[in-house]
Amino acid sequence: MLCLCLYVPIAGAAQTEFQYFESKGLPAELKSIFKLSVFIPSQEFSTYRQWKQKIVQAGDKDLDGQLDFEEFVHYLQDHEKKLRLVFKSLDKKNDGRIDAQEIMQSLRDLGVKISEQQAEKILKSMDKNGTMTIDWNEWRDYHLLHPVENIPEIILYWKHSTIFDVGENLTVPDEFTVEERQTGMWWRHLVAGGGAGAVSRTCTAPLDRLKVLMQVHASRSNNMCIVGGFTQMIREGGAKSLWRGNGINVLKIAPESAIKFMAYEQMKRLVGSDQETLRIHERLVAGSLAGAIAQSSIYPMEVLKTRMALRKTGQYSGMLDCARRILAKEGVAAFYKGYIPNMLGIIPYAGIDLAVYETLKNTWLQRYAVNSADPGVFVLLACGTISSTCGQLASYPLALVRTRMQAQASIEGAPEVTMSSLFKQILRTEGAFGLYRGLAPNFMKVIPAVSISYVVYENLKITLGVQSR
C-alpha cells in the first residue's frame, strides 16, 4: 500500500529537529521525488529550515501547520509544472540542457551581471555528472524540494518602488514577471503598495509638513529648527494641524500608481527591447518617461498638497475649497507652478535611486545568494533606505525650488519668480546651504517610512492572496 509519513516540527521548537520521509512500497519514480537527505550539515540548517517553512506554507491547504500526504503530492505536482516552464525559458538553445552562458544571459536580462566563473559555480551546485551542463532531471531533482521557482524570483524578492514609499513619486516602477501579469498578481502588488504608502505617509505626515514649512519659510533671518517648527505648528493649530496636507497626499497615490504602471508598460515597448525584462538603462528611460506622464496627470494635486500643508487655521474648509479659491484667484496656470523643476528632478532622483539600489542588489546577489535570491528583511530595508536617501540628496535643490514656486501665492506679497531667478536668489541670500532647507526632517522620515511601508505591504499581500515572500 502506498503511504508516506511526513514529520514537520512545531514552529519555534528549541531543539534541532530534522524533517524526514519514509516511503514504503513506492514506485521507483516516486521514491526519487520523495527522497530527502536526513543528514544535513549544521551550517546549512538555517537555510534548510527556511526551505521547510516555505514548502509547508506553499502546500498547506488546510492551514494546520503541516503537510499530509495529499497536500505534499499536490505541492510536488504543481511545483514540477512550474519548474518545467522555468527550465524551458532558461534553455535558450532549446537543446534540453542549460549551460553557463544561458545562465549569464538569463540574469543579464534581469539586470544582474555575473562572471562566467560565478555562472559555473551555480552550475556545479546542480550538475551531478560533471558535464558542466544541467539537464531536466538534474534541474528538477535540485529544485523540487527547494521552493525557489525561477530565476525571476530576483524580481519577486527585490521589488523596490512598490514596497518602499518615502513620500517621493519619482522612482522607476518595478518589473513584474510574465506570470504576475498573466495571473493578475500585478494589481494586487500595486494595491498592497498603495495601502502601504497610505499608512506610511500618514505616520510620517508631521515630518513631511515640517519639511514643507522649512523649505518655504526658513531662512537666515528665520532659522527654523525641528523642535521650533513642531512647536509653532502645534501652537498655531493644535496637534491635528501636524497632518495638514496628508489627505491629498494619500489620495493621489491611487491615480498616480495606476497611470505610472500603464505608462511604463507602453514606454517599455517604445524603447525597443524584446526581452521579458528591461536592462538598467532601458528601465531608467522607460521609468522616467512614465514618471513624467504620471506627474503631469496628477500635478495639480501636488500643488494642492503644498497649499494645504502651508494653510493657516480656517483658511480653507477643505481640499475642494482650496482648489476653487486657487482657480478663482490665480487661474488654471497656478496648478502647474513648479512643474519644470519637478520634471527636471525625475532624472537625478530616479537615476541615482535605481543605480544605487541595483548596485547594492547585485553586490549582495554575487556574494551571498548561494541558495536563494531572498535577501531578508534587513538587507532589503537597508538597500531601500540607502538608495532613496541618495536619490533625494541629488534632487533636493530642485524639490525645494518646486515647493517654493508652488507656495508663491500663499505668501503675502511674494512676487512671481521663475525657476532660474529663484535659484539665483537662494544662492545669493542664503548660499548653497539654502538649497537644502528642510533636509533634516526629510531624512528623518526615510527609515520609519521604509519600515512601515514594508510591514504593511507584507501584511496586505497576505490579505490579498499574494504568495508570501
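Glycine residues also receive a Cβ, built from the backbone N, Cα and C atoms like all the rest.
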Transmembrane segment per Swiss-Prot: which of the ranges 190-207, 316-333 is that? 190-207
Are MET233 and ARG269 on one side of the membrane in Swiss-Prot? no
In Swiss-Prot, of the candidate ranges 5-24, 245-264, the one given as transmembrane segment runs 245-264
According to DSSP, how is the domain 'EF-hand 2' (78-113) divided among helix, strand and coil residues? 23 helix, 2 strand, 11 coil
